[in-house]
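These notes concern the structure reproduced below.
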Amino acid sequence: MSLLTGSANCIKYVLFAFNLVLLITGIILIAVGLGVATVYNEYEIFLASKFFSIPTFLIVIGSFIIIISFFGCWGALKENYCLILTFSVLLGIIFILELSAGISGYVLRSDAESLIKVTLTDSLGKYNNTKVDEVTVLWDYVQKTFTCCGVNSYKDWVNKFNDKLPLSCCSLPNGVVGEFSCTTNNEDSNRYSNGCLTEFSNYIAAHAVSLGAAGVIIAILQFFGVLFSCYIAREIKIRNGISGFVG
């Protein structure tokens, strides 16, 4: 027989439904974290370690959310004070961690350009046109993908190759047969005019924002879950005549 009546009993079922939603949000967090981590892994050489910490953190949080949602569901249905109290405390901790991760995502967005500038500048000097390695491959891929050349402009390559540029700095004209040159010549209309720093950092920062948005929005949703669970725990405590914190 249910110990709760009226509004308390209604909120009990609201809490149960909330936990089903919570389960879905946990899955969403894992999906967002994995998605962004996959994008970041593609450009791992150009990114500082802190870019990988937030998506990993959200994946871990999402996993914990899925686990604790079962505490909430079972506790709400059984009207078990200890289970609901445990759920409330754990959800409160997750709320703080998730909000912190969300804020960190937005902070990372503002720091993205300065962090990426350091790694791009450092890796540009490691570009090797005689012995192709992962740095060379990634630079060519970024320049082709973002139609850019160098860190700030094509001039970043001058000290390395004089008047010549990596072919990835130029768009290949239609109908080209045989050799093709990509140079610093001012009349070279095929050369990409923009540096890679701005476009690439904006792309990375946009994914950091998606992490921040996911963390903050779901944290706000969980805040109401903490309020509901605390209310239910209090009502069960009163109706069971439980004294003290855990009875």
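Keep in mind that glycine also has a Cβ here, set from the backbone N, Cα and C atoms.
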_In TrEMBL's disulfide listing, Cys149 is paired with one of Cys169, Cys170. Which one?_
Cys169
_Using a Cβ cut-off under 8 Å and a sequence separation of 6 or more, which residues in the same chain sit near Cys169 (disulfide bond)?_
Gln143, Cys149, Gly150, Tyr154, Trp157, Cys182, Arg191, Tyr192
*asked:* Using Cβ atoms and a strict cutoff of less than 8 Å, what residues sit near the transmembrane segment (204-233) while being 6 or more residues removed from its termini?
replied: 4, 8, 11-12, 14-15, 18-19, 21-22, 25, 28-29, 32-33, 36, 39-40, 43, 47, 51, 54-55, 58, 65, 72, 75-76, 79, 81, 84-85, 87-88, 91-92, 94-95, 98-99, 101-106, 108-110, 112-113, 116
*Over all shown protein chains, what is the count of other CB atoms within 10 A of the CB belonging to Cys149 (disulfide bond)?*
25
